[in-house]
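Read through the structure below, which is laid out as structure tokens, and then see the notes.
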């Protein structure tokens, strides 16, 4: 990431990983996909792509199936997590379809091979896709149970040499508490990874935070529900929280 001046495309990033929660694709529904929301997300990704920014995505599956909560109700955790991974593939295919309807060549790569549906995850191929101007969506998490899609996002961001992880959430940054439950919760403009861990702010799970910290990849948290928010983040405008290594925090 360039902290002083933007790249030739006008943005401060060359290659980013966008992390979307499955719940973010619900829209006003209680379950499944809101296709209008999927299309809006695709429009924001296309706008970034059209500026020459290389974009890859990791999408959760909580709108369809949540492995952790299902395991808590009695299902074997491993089986529940694999079902959750399959839900992420469904979401990835939906976003791929929306992007390609807008003329953006998109590839889905799954950590669990399913050759009739999408490509297997191959690091060099994914990088080459982005270099050729394609969007890449990584599905099925890490391919292993007991790892969240947040951890998968951090892992893929490291493997893809991304400049930042852009985490789209239900709120416009990181707060001291859930702003929907605590009206006077404080929103942070910037934090260090140490802040996140010591204050237990639950931005991502600790393994994802550790991966990003150890590889010096900033995390930018912003609202999925604000139109144009992705473009604003790419220009370092608007409302968001940036999480940096301690050495970058003034």
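Even glycines carry a Cβ here, placed using N, Cα and C.
DSSP classifies residue 21 (ATP binding site) as coil under the three-state reduction. The local packing around residue 21 (ATP binding site), expressed as other Cβ atoms within 10 Å of its Cβ over all shown chains, amounts to 20. Residues annotated as ATP binding site in Swiss-Prot, with sequence analysis given as evidence: 19, 20, 21, 22, 62, 66, 169, 170, 175, 178.
Spatially close to residue 61 (UMP binding site) yet at least six residues away along the chain are 22, 84, 85, 86, 87, 88, 90, 91, 149, judged by Cβ distances under 8 angstroms. Swiss-Prot lists 61, 81, 142, 143, 144, 145, 146, 147, 148, 149 with the feature UMP binding site.
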Between the C-alpha atoms of residue 175 (ATP binding site) and residue 148 (UMP binding site), the distance in angstrom, to the nearest integer, is 21
Neighbour count check, CB within 10 A, over binding-site residues 142, 144, 148; minimum at 144
Using a 10 Å radius on the Cβ of residue 19 (ATP binding site), the other Cβ atoms enclosed count 26
